[in-house]
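Peer 1: Take a look at what Swiss-Prot says about it:
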- 1-226: region 'Pyrophosphorylase' (REGION)
- 8-11, 22, 73, 78-79, 99-101, 136, 151, 166, 224, 330, 348, 363, 374: UDP-N-acetyl-alpha-D-glucosamine binding site (BINDING)
- 101, 224: Mg(2+) binding site (BINDING)
- 227-247: region 'Linker' (REGION)
- 248-455: region 'N-acetyltransferase' (REGION)
- 360: active site, proton acceptor (ACT_SITE)
- 377, 383, 384, 402, 420, 437: acetyl-CoA binding site (BINDING)
């Protein structure tokens, strides 16, 4: 049994006061329409048609690479008119119709609507809400059958009291759409062609109307302005947080936790406030993430501690390692078991060996550091000569004294020691002491200048 999908995405979204279409506003780091497309793609439809209008090129660019047919609605004359533009591109099968600005609709709810709607039925997704203001109302007869959908601007006082609303999501066979869409008239306050009129046509043709409901009310919430967008962001994030907590993770405050990608978690983790997850992140068991941390496209193994105000991007933090506070681990780092990237340490494309420590105020770039090394405060690997990047290699058990500069390319041998304040531009053999700084002198005849006093 095949399925076509129509996503309506032609609206301007004037209340967003933006230079991009409403459906390209972002929620959890994805555009609204990407959320919708991701949900319908899981239904494995034969084709997806997106009806565009305002700034159509931007919408097409955002969905580039997906198996989507774009149809341009030159004049925004209503939802019925929009679906009519898509009609020639649909196959002779059931059609699922939904909106590009309703981002939280789940695949499960859509699948239920499609599966329970026969080819000769009209499927309608409705919901009961406490505040139906601004939404189309579902009107039923005395037997409970749906008779029509009335938009709020066209509703009378009695109809405005109805709390069952139209979500705008339908499932109907193309054959019925071919019959009904040309019959829609713009005889309403807005002078638009409402898709909701197909309810009236279905009743007239004695077509059975199949009504289903969403699992959660938030799934059918649309976005018209930035206030609604922010509210929906919190709904999304709270829902994600609850799913994560159900897997055995403690979150200090679910209202101050953001996932902008995918998070795979182990058990007994602790996540403090204002943590942001970007891209694909995996946490092992017993991981502790301090406040104000950002984790992006990284793997954090068991028993790791990421202390507050730290960032880990595109790297692996091995079991029992410690990062932070105020540390930045940039892409392509591998922090081995029990190693320490301490406060105000930045690492980029660096391997920090098992048990090694860089505890304070250090830059490690393009480096390979062995096991059980000590990198003192203020150490800098000088990896860039103005044109190319070069590598620093430090052997196991090496000791790099504070405030030293290692001019790459350079090798520090196993067990070697670099004296504090040294600038090392040549390789240091194993177990040697390297020191390069001016000899200390004491000048016993020196006198401190006397401050001039005001006259």
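Note: Cβ is positioned from N, Cα and C throughout, glycine not excepted.
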Peer 1: Let me know the DSSP-derived helix, strand or coil state of residue 360 (active site, proton acceptor), please.
Peer 2: strand
Peer 1: For the acetyl-CoA site made of 377, 383, 384, 402, 420, 437, how many Å separate the two farthest Cα atoms?
Peer 2: 22
Peer 1: Roughly how many angstrom lie between the C-alpha atoms of residue 360 (active site, proton acceptor) and residue 377 (acetyl-CoA binding site)?
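Peer 2: On Cα coordinates alone, these residues lie 5 Å apart.
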Peer 1: Measuring CB to CB from residue 101 (Mg(2+) binding site), give everything in the same chain under 8 Å that is also at least six residues away in sequence.
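Peer 2: 9, 11, 13, 22, 23, 32, 33, 222, 223, 224 - these are the non-local Cβ neighbours of residue 101 (Mg(2+) binding site), listed in sequence order.
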Peer 1: Should residue 374 (UDP-N-acetyl-alpha-D-glucosamine binding site) be counted as helix, strand, or coil on the basis of DSSP?
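Peer 2: Once the DSSP labels are grouped into three classes, residue 374 (UDP-N-acetyl-alpha-D-glucosamine binding site) ends up as strand.
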Peer 1: Want to know which binding-site residues, from 383, 384, 420, 437, are within 10 Å of residue 374 (UDP-N-acetyl-alpha-D-glucosamine binding site) at Cα; which are they?
Peer 2: none
Peer 1: Could you give the Cα-Cα distance between residue 437 (acetyl-CoA binding site) and residue 151 (UDP-N-acetyl-alpha-D-glucosamine binding site), in whole Å?
Peer 2: 81
Peer 1: Within 10 Å of the Cβ of residue 383 (acetyl-CoA binding site), how many other Cβ atoms can you find? Include all protein chains, please.
Peer 2: 23
Peer 1: Cα-Cα separation of residue 100 (UDP-N-acetyl-alpha-D-glucosamine binding site) and residue 384 (acetyl-CoA binding site), in Å?
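Peer 2: Distance between the two Cα atoms comes out at 47 Å.
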Peer 1: Consider the binding-site residues 377, 383, 402, 420 and say which one has the Cα lying nearest the Cα of residue 78 (UDP-N-acetyl-alpha-D-glucosamine binding site).
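Peer 2: Nearest by Cα distance to residue 78 (UDP-N-acetyl-alpha-D-glucosamine binding site): 383.
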Peer 1: Nearest to residue 420 (acetyl-CoA binding site) in three-dimensional space, by Cα, is which of the binding-site residues 8, 151, 330?
Peer 2: 330
